[in-house]
Each structure stands twice: as C-alpha cells, then as structure tokens.
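*Asks:* What follows is a structure written as structure tokens; I'll ask about it next.
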Amino acid sequence: MEEECRVLSIQSHVVRGYVGNRAATFPLQVLGFEVDAVNSVQFSNHTGYSHWKGQVLNSDELQELYDGLKLNSVNQYDYVLTGYTRDKSFLAMVVDIVQELKQQNPRLVYVCDPVMGDQRDGEGAMYVPDDLLPVYREKVVPVADIITPNQFEAELLTGRKIHTQEEALEVMDMLHSMGPDTVVITSSDLLSPRGSDYLMALGSQRTRAPDGSMVTQRIRMEMHKVDAVFVGTGDLFAAMLLAWTHKHPNNLKVACEKTVSAMHHVLQRTIKCAKAKSGEGVKPSPAQLELRMVQSKKDIESPEIVVQATVL
C-alpha cells in the first residue's frame, strides 16, 4: 500500500478563482497528497476584484477546529502549509499548532510563505499590519523548515537590504541561522544575467552529509517575465515546492526546476486564455486572469522542464 502523506493547509479560501487553499489543494492532490484545508478567510473572490464579500476566521475559531481534529485523534500530519494571514493572534495560534504537531511527529515539515508585502519599482510596501513582522521573525520562522519569501519579505525578516546576488546569498544564510533549512527567494529586483526581460529567483538548502557535516546547495533561476498581474501564484508556488521537495528531499535544484517549470506552463496557459477572452489590445480583467488550474493538470503532474536552475 502506498504511504499516505497528509498536509494541513491553513490559508484563505475563495468561492470563485484560485488563491490560498484553492490554489494549493488541487496541485497537491494531483501530486498524490491528502490535503486537510482550514480556511482562514472565506471570500466570494480575491480582493483584486472591485468587490468582495465574506467572513474571516479568528484565532478562537481556528483553535475550535483544531480541537475537533484532536478529539477524534485525526491530527497526525507530515506537512503544514501556511500563507497569507492578517491577524497577529491567528498567526500565533498557527505557531502553537505547528509546535504541537511537531511534538507528535518530529519529522513534520512546516512550509511557510511569509506573506507580508512586495516591492514595486524598488519601493517596498507591507500589505499586512506591521505587528505581524515581529511574530514572523521571532515565532514563525524559527519553527519553519521551508520558507518562500520574496526579496522584500526576506529583507524585512533579516533587516538587511539586497542589492546584489552576493547579498541575497548572505540574507539566505541569515534566514538559515533563524531556523529553516530551505529558503527560496521567489522573486527579486536583481538584474538577471539574461537581461531585464527575466525575473530572478534564488534558493538555498542545507542538508546533513553522511559524516554529519552541513552541506549547502545554492541555486539561481531565471524566468521570463509575463506582463500581467496574477493572483495566487505565490500560493501555487509554495504548494508545488512542498510536493517536489518531498519527492526530491536533497535536491533543491530539481525540486525548483519542476516547481518553476509547472508555474511557467500554468501562467502561459492563463495569459493566452485571458487575452483570447479580453480581445486584442484590451487589458484582461481579474476574472479573466484567474489561474487556469484544472486545464493545467498534466503540467502540474509532470512538468516539461523549461527553466533550468544554475548551481552557484
């Protein structure tokens, strides 16, 4: 019998579209994982639309759901995956749950996308309350095993600015020293060796060699920029990175190549479809730019490698 691998995913939920748990659950299931989803919010659609309605789960309600799992003794997990959170007490409760689950299963891997803000034209801006930063820095990152910040979030967590690839590697080492063995800076403002049409991402993974010493693999990836604003890409990235690092635990290069290549196929299919719907010369709407997830099932399951990672 095939070994079951179960993920507890605590993220947002939308009725229409693909962000948060809606962007993470399908690819993880396609790749063979059982996914138990806790919806931190339930909205009609993502907040990039003109209107949205819905409810927000608070920390007491999260505790209640977790207590229900505990009472039935079904709170055994191999992975925890978290993304966007707006509330400090909710985030602290997530940390408590992760710590309890790790006591039960010391091999549990916590994958955290520390969603706090982004960089536009060199200027960084937070889109969560400022009081979340110390919680991420002091409580969340120390219990995380894999983190997927963008450049701005990596700078926030370490208090260091990144202007060069060398500085990015130093920041990733600082993040390692805070706890996680795998760090992927999912996007950066750094100029790619391939030119300004490319977006650069960087990764670093520490593994223990048979002799007990720590070995670090560092990689760089360059992805062709797409001129559109997608929502849910970070959630999809973190979910697929979880899956591919599980399948290639000591090879970040291969895990990232599969993750980024699958992302490429999903985004290309999405932009092609959005442009066909919007018509020539018309900017696609948020609804038209929803990720073409179901249509990309084969690419998620078995991505043709179109992005090669460079080992640094």
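Each residue, glycine too, has its Cβ placed from N, Cα and C.
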*Asks:* Kindly point out which candidate in Asp113, Asp118, Asp211, Asp227 is recorded by Swiss-Prot as part of the Na(+) site with Thr148, Thr186.
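*Replies:* For the Na(+) site that includes Thr148, Thr186, Swiss-Prot also lists Asp113.
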*Asks:* Determine, for the pyridoxal 5'-phosphate site, the additional residues of the same chain whose CB lies within 8 Å of the mean position of the CB atoms of Thr47, Gly234, Asp235; present them in sequence order.
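*Replies:* Surrounding the site, in chain order, are Ser12, Val19, Gly20, Ala23, His46, Gly83, Tyr84, Val115, Val231, Gly232, Thr233.
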*Asks:* Cα within 10 Å of Gly234 (pyridoxal 5'-phosphate binding site): which of the recorded positions Asp113, Thr148, Ser285 qualify?
*Replies:* Asp113, Thr148
*Asks:* Between the Cα atoms of Thr186 (Na(+) binding site) and Gln151 (ATP binding site), find the distance and write it as a whole number of Å.
*Replies:* 7
*Asks:* Measuring Cα to Cα, how far is Asp235 (pyridoxal 5'-phosphate binding site) from Ser187 (ATP binding site) in Å?
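*Replies:* That comes out at 13 Å between the alpha carbons.
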*Asks:* If you count Cβ atoms within 10 Å of the Cβ of Asp235 (pyridoxal 5'-phosphate binding site), leaving out that atom itself, what do you get?
*Replies:* 28
